[in-house]
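A.B. asks: Sending over a structure as structure tokens; questions will come in a sec.
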Amino acid sequence: SVLKLPKEALFSTLGRTAARALESVWAGNTLQYFFDRLMRNLKSGDTATANVTLWEPDTWPTSAKGVGFSEAPRGALGHWIKIENQKIDSYQCVVPTTWNAGPRDDKGQIGAYEAALMGTKLAVPDQPLEILRTLHSFDPCLACSTHVIDNHGGELVRVQVR
């Protein structure tokens, strides 16, 4: 690497920020590629970009379930839907911040935010800028409030960013 950093440096605030920048370059190049392909298709007379008959609700079954996953800029994005009598009965969208900010799972595995914050040293405990930098490197979609908890669950400090 040009910076001569070990690969472990990628698993850090700086690493996540750099990865987001690199992903933006990749996404821009990829979008340009698909745009160019679309324009070539249109210029050659291929205007069939979708089978729109599948979007007609009258063609849908009375009851159905669906699930879809995608990768979004902040991480994994999941959608679940249940249709009854051709109407949405339930819908759930789990956004990347929910996955990243999630607590320990049923196997005791810690969430991404918790893992990133473990061992973080605070220069000024009642002004935990290190925590903000680390959490902001995930680009969370949430109100910023931090509760610093000790090993016994006692609150050491609570900080709300306004």
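Keep in mind that glycine also has a Cβ here, set from the backbone N, Cα and C atoms.
Heads up, TrEMBL stuff is auto-annotated, nobody curated it.
Heads up, here are the entries from TrEMBL:
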BINDING   Cys141  Ni(2+) binding site
BINDING   Cys144  Fe cation binding site
BINDING   His147  Mg(2+) binding site
A.B. asks: Using DSSP reduced to three states, classify the residue listed as 'Ni(2+) binding site' as helix, strand or coil.
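C.D. replies: It is coil.
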A.B. asks: Measuring Cα to Cα, how many angstrom lie between His147 (Mg(2+) binding site) and Cys141 (Ni(2+) binding site)?
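C.D. replies: That separation, Cα to Cα, works out to 17 Å.
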